[in-house]
Amino acid sequence: MVGHMMQEGWNILEIDLDYTVTNYTVGAGLLVGGVCLLWLIQWVSQGHQSEAPVPETPRPSAQKIPHKIKKRKKVLGIKKRIRRGGWEQPPTAQHQQDSVPNPRLGHPSESETSALPPEVLYMLKSVRVLGHFERPLFLSLCQHVVFEYYEPGHLVFCPGQPDSSIYIVLEGRLELSLTDPDGTRHYMKSVASGDNVHSLLSILDVLTGHQRPYRTVTAKAIEKSTVLRLPVEAICSVFKVYPQSLIRTVQIIALRLQRVTFLALHHYLGLTIELFQHDLQAEADTTQASRPRLVRSMTHVDVEERDGAPTASPTRRRPPSLGMCKSSSSGRSGFWRSLDCELEQSRMVQTSTVTHDKDSDWESEEKTKRLLENGKRQMARLMEIEDPSILENKVSLHHAKADTIIAQKGEQGVGLHFILSGRIHVYQGVTGREDSCIFESAPGEMIGQLTVLTGEPLIFTIRAVQDTSFLCMSCTHFYQILRSHPHVLLSVAHSVARRVSPFVRQVDFAIDWMGVEAGKELYRKGDPSDCTYIALNGRLRSMIQHTDGKKCVVGEHGRGELIGMVEALTHRPRATSVHAIRDSELAKVPDGALSYIKRRYPQVVTRLIHILSQKILGNLQQPQGDVTDPGNVANNLCTVCVLPCSNNVPLTAFTLELQHAMNAIGPTLVLTSDIIRVRLGAYALESTHECQLSTWLAQQEDLHRIVLYQTEFSLTPWTIRCIRQADCILLLGLGEEEPTLGELEKFLENSPVRALKQLVLLHRMDGPSPSGTLEWLKLRTWVSGHFHIRGPKRLFMKRPSHKLLEFYSRILKKEVDFHSDFSRLARTLTGNAIALVLGGGGARGFAHVGIIKALEEAGIPVDMVGGTSMGALVGGVYAEELDASRTKERTSKWAKMMSSLPRTALDLTYPITSLLSGSRFNTTLIHLFGQRQIQDLWLPYFCITTDISSSSMRIHREGMLWRYIRATTSYMPYLPPLCDPVDNHLLLDGCYVNNLPADVARSLGARTVLAVDVGQHEEWNTYNYGDCLSGWWLLWNRINPWGIKVKIPDMAELQSRLSYVSCVRQLQMVKLSDYCEYLCPPVQRFTTSEFRRFQEVCDIGYDYGKLIFTEWHRGDVIEKMLQDHSAPELDQRHEGDNSKVPDFTDLAEIVARIEPTSRRYSHQDQQLSDERQRVMQYAEECLLEEEHPDTKYSSDLCETDEEKSLRMQHGFGSGLPH
């Protein structure tokens, strides 16, 4: 017996070194050893006293395996490594944004956790709710971790045991299942090494003091497993030392419930009434009857703990309420008695004062006052506030008639609603179905708690079904109360958990919330499909590798998209590989959980069929054989990072110019480190706020069409944050500088970020044409594309920061020039680019010149140019000049050279391959374009050639301009093929494969394509000459005036018709597509070699374009071109000023009583911080639509203080609120 007790004592001592060894009489040697060991631990911790021992939940003895010697050493070694990790350092509020980031692009906290053992990092990374903990808190928590070992088939937990622990699988595999009341077991998911088993709702129950046992969930080991178990009671004890982390934890749990669990079950599976409990009265009565009355007194709690008295019953533990306990409230019956009394008095007042108007008004006012006071008492009791006077001036009484909508789904900043009388129904709907009532609220209940906790929009509609009276507390007033009474947050959070249905609690164990870092793989091709992923925020890319080793981009997945659903439903291996382009958050729905939901609620199958049908229809609408290009930046981008290549670029001015252009497309937000600190607090960029900051940034993506992240000039945590948040990274450089790699670019080159990277070169408006772009790109082979942007003079003027922001606040109110290069960049980044595609047709292609002139006069912008044959030549001239007059002038000179018969005759050669050698033709092209590269053109440009070496179509977007225009105009049999200097392939005219490449422009990011076709399309009614044809007979019929007139094509006509055979189907698809505006000038009567008739053909094209574009102006064609076609649906709630919506990261600071920096400033200090205030004012007000466009300001001169004073005196605002 004594030996057994000694063994038990050693086990307890080794599992947790902080536990006090008592109640064991094991001999003097063991007692002395234990005392010495405790003294040594206390000395090492340097004064940090651990909390009182947490009572362990008894585990089934048959399921535990006796500890072996080597495992005891392993546990002891881990404890020592944790001790050496430096956890004794107290938490600090020191800013970390100035530290040098990890070169592997890790989070700011990665360097802090690098010294932790792998076992501890498992817990940090797998349990996402623990990721925001500070290092001292986390290490204190790790001391309570229990190592447990299970053999296959042994239970980890089962129904009836307390649900109060988090399990992390270190080695082996567990199986999670549900048990129905009839004993039927349902497989939910398999938990592999590194994964975890827990329910955040269960954690919330323990935190709020309402612990529950497992009811239907069972976990057992299916392999020999090592499991880390963290009791939630340990988290409660640690939160007494770190109260601010409790608030963050509760908020994260509420946020996960709304953005993960409800999103998956409601939005994608179509469940509504199944998510909430309809009637809480029965549960409330039971709860009120069973709950003991607790006195909220920190002193009393301390005495109880010191005396060793139990603080709570086994099923109702004392909440870790920042040193406070919950006070009891009167039962529900007390509320009803009080409310019935008020209503009876109001009825008596109404019947007795019908004829006394003055007395009636007085008595009605008294009745309202009594009703308000009684409501405040009941609301304070529900929120567990002892003094109802705290609610004074913080709640307002409202009355709603029957069938009145109190709050609409999607509204921001909806406060708490406490019902006094009447009845309220809460509605929620799914796309394609009417809204259904998910639950109803009776007097004495609150609505809107989840919105207040998370700061997210309302996820349902609140409607009064009877005449209803209710108290309303705004979010601002709630946070004021939270500052002085932080335990209120636990009461409100518990009211949310009570409303959730048991079904949601079951599924909450199975649905995981996971993060994928930029560049990391989610899964690979061929992996088993055991789950479906939902993208909560971020961006991921699907790729497939062909047998030849070449990788091809299949698609990209943004916020709200389902990933891997088809393979999971069909139980097939993964068809593609998926990796994260930027840091992404995902909801993981296991296949077992989805099968259980389908069996329990068969209507889910209908919803899944609807989702699958939409996906199939989307694939069917994709043109067959569509060209894909990884450089396409127009795939529904949400975030853009602007990163400087050098310290000389006007970074802020460029970002504001781009925002000005993007505001014409959709609401655009600019974020800098200063704006973040002003809006979210000075500590918002610290690693402890990682989860909250990510959530807030995700909200901004919902509220805005594009979010522009402006980095700093050095490598700081904010710069890394911008890079990791970006769907597309713009590298900003000056075209006039040397193309050297900057510090940030070197870091980006070695980083695992997979986001699209685009080079933007700035040029002065009156400067020379671009040159040397190839040198820039050679140093940046990892760049997907580039843009040349001409900036106005104001872009390059040097101004102080506050002057710059004030100046651009006026610019943002002006109308946007849709023809500017910034508008072109904005349309390209948002997927709204307009492409001009010019078809081939020889001399008939001169009509393109007239079309371009008509386009310019009609005010239709062009963002991309491409073409085939003569269309490529005219398009190349226009992409270089950006001016219709200059394009006509240069093309006319070239036409004169081509119409010279002596030049053509001198180029004749022996016709083995072609009639002409091509030398003279090359000379004309070199004279027209010089040695300019395609990369040096102002507009993005491409041309099409036929690769007869590989029998394929080639798209040329880089290289010598004249050479590839020579290739795309090499019409057989006149000119020989051009030998490509890159791969020695032979290139011919692109008209043989794609004479009007509108589909290519579409694949490169164009939303609208203006396709100009000048090919030959007349129908032939040829003569049936039989099975053979004699040329002599045909010649005789042509010269004989009395012969039979027959229509038989000659060799030139056959060659011309042959050029359209392979692309006729593609041409028909272009005509019928919804993205293409098909134009066909009437120039078919001209031949391909009539270069001398340049002016005549050009005029026909101009007249035709003028007529068409005039009709477009009368309609809405041009207006639709300039609209945003790919923007996500923004709710009506976004029309207001969202800056007034409480930020998620603010709540913990409210509880910790951290005053905003600006509130501590005196009047003199506030004058010294004008720049930061202007940054905040700019962020909140400069996103509004342009107003007062008739107000003129100088764009080239910086306003002086005297001018500003005079303007203010005459009533002209500065453009920024004061």
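Just so you know, the numbers here start at 1 and follow the chain as drawn.
Glycine residues also receive a Cβ, built from the backbone N, Cα and C atoms like all the rest.
Whatever TrEMBL says is automated annotation, not expert-curated.
What TrEMBL records for 21-41 is transmembrane segment. Annotated region 'Disordered' per TrEMBL: 50-69, 86-113, 302-333, 1187-1218, in sequence order. Sequence annotations record features per position, and here TrEMBL assigns compositional bias 'Polar residues' to 91-100. For 129-230, 378-482, 488-615, the entry in TrEMBL reads domain 'Cyclic nucleotide-binding'. The feature domain 'PNPLA' is assigned by TrEMBL to 836-1002. What TrEMBL records for 840-845 is motif 'GXGXXG'. Summarising the annotation, TrEMBL assigns motif 'GXSXG' to 867-871. The active site, nucleophile feature in TrEMBL is assigned to Ser869. The feature active site, proton acceptor is assigned by TrEMBL to Asp989.
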Which residues of the chain, 6 or more past the ends of the motif 'GXGXXG' (840-845), have a CB below 8 A from one of its CBs?
867-874, 895, 968-969, 971, 989-991, 995, 1013-1016, 1059, 1083-1084, 1086-1091, 1093-1094, 1097
Just give the helix, strand and coil counts over the domain 'Cyclic nucleotide-binding' (488-615), going by DSSP.
48 helix, 42 strand, 38 coil
Going by DSSP, is Ser869 (active site, nucleophile) sitting in a helix, a strand, or coil?
coil
Take the motif 'GXSXG' (867-871) and average the pLDDT across it for me.
95
Tally the residues of the domain 'Cyclic nucleotide-binding' (129-230) by DSSP class, grouping H, G and I as helix, E and B as strand, and everything else as coil.
18 helix, 43 strand, 41 coil
How does the motif 'GXGXXG' (840-845) divide up by DSSP, counting helix, then strand, then coil residues?
4 helix, 0 strand, 2 coil
DSSP helix/strand/coil residue counts for the domain 'Cyclic nucleotide-binding' (378-482):
23 helix, 38 strand, 44 coil
